[in-house]
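Database features (TrEMBL):
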DOMAIN    A:30-263  domain 'Phosphagen kinase C-terminal'
BINDING   A:33-37, A:96, A:134, A:185-189, A:216-221  ATP binding site
Ligand SMILES: [Zn+2]
Ligand SMILES: [Zn+2]
């Protein structure tokens, strides 16, 4: 079966939109990426969920007309999601460039007219998601100030062209009251295998909830935690300034990183050979398996990532492991094979792809 | 444990705060916690959406704004309860009282202290939200949701433009 129109060409994006995977940022052995999101709505329009198709399209047109005066998005790639095949929308979602809702992958929210994303160097602008506009930036590693700076600049530039809905008491107005105020969701994608293996994770997660942070799985709200990857973000958006929300995230995450490092030291000290055996088995499975489900791949990748962090396995880069995290997902594999795949074909393709990457890196040799 | 604030009643809320790099624990009784705008259920909430719908449901019986529709998009408090989403920015004014209460429950505060914002004066060149097309869409929605007062008003405005 061929897609209804030419497949999405992500080579048009600088770095294919995955520069944030390159492990160049601070603490990138533990923190994969930092993401900042600002929810904004344009005055004079019903929110996306209540708007009619015509209103959504005029909203999009108004934003597009204003973009000439927004340097942060100059030369950006506009993707009209409604015009893409499902597999291409899923690809963008797997790359963390659009939300599940905007990609129309949620059965409760089919793709809507006017769903679009503008992708720039380090920022993106989602149009007609739950809110009219979701401004986001994604950075490698634990880079809160840098990520905020990019999204803040985009906010200032765009907000001087398009009138945002703002209330003197409630701040920026959003379709869901959980996002009102600053509209800021500051989050990190963090890998915590040490805390999971030492069974400390429960305590840490409940502790961070007390601090006003919340956690999710790899793909945001409602998604499951796989491969020991957690997304930590601020729970509230109102009543604290943007600076306070960033500070909160930085302080708590710094603390979590220290706990993770401590847990890793304990593991090596108290259970050295058991851990070593477990991690080499994970590597062996990835290196030789003929079929891998997504969850299996994530869990073994988590083990190998930990082994690289502990310097048990050398010659494999964190960048490669980060890329596997993204490129071993089903829409990416379908693109690679240039055809739609059944579930079992996907598992075969995944194992083949992982093997090839590991062989070409030549890692794991003692 | 005794409440740190009034030193009278038993503390039921443990508030963990980070102030100037130091983690402090504040133990409060229910009354003092409420006065400080601390909602005891917020800290344990895992899924913001489940939480918000629950909070909205709890309010259902107390609100008197139930029947009033937003004069811009026609949404009512009932619509909000059904979806957990507001209809447009004006809904925040139409349901101001109950929203203030809800925001306090969700965020521990209803007052924005972050960045202030002044909207730009819109250029004539950009499509105005009040275009004839927008008015027609709003009219259609008002009719669909049986907001006949709003529909009549929009019909008049369209007549003036045409
Ligand atoms: Zn008290
Ligand atoms: Zn409204």
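Cβ atoms are placed via backbone N, Cα and C, with glycine included.
Since this is a predicted model, take the numbers as computed values, not measurements.
On the structure: features taken from TrEMBL.
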residue : record           : Cβ neighbours (10 Å)
A:33    : ATP binding site : 26
A:36    : ATP binding site : 31
A:134   : ATP binding site : 25
A:187   : ATP binding site : 24
A:216   : ATP binding site : 20
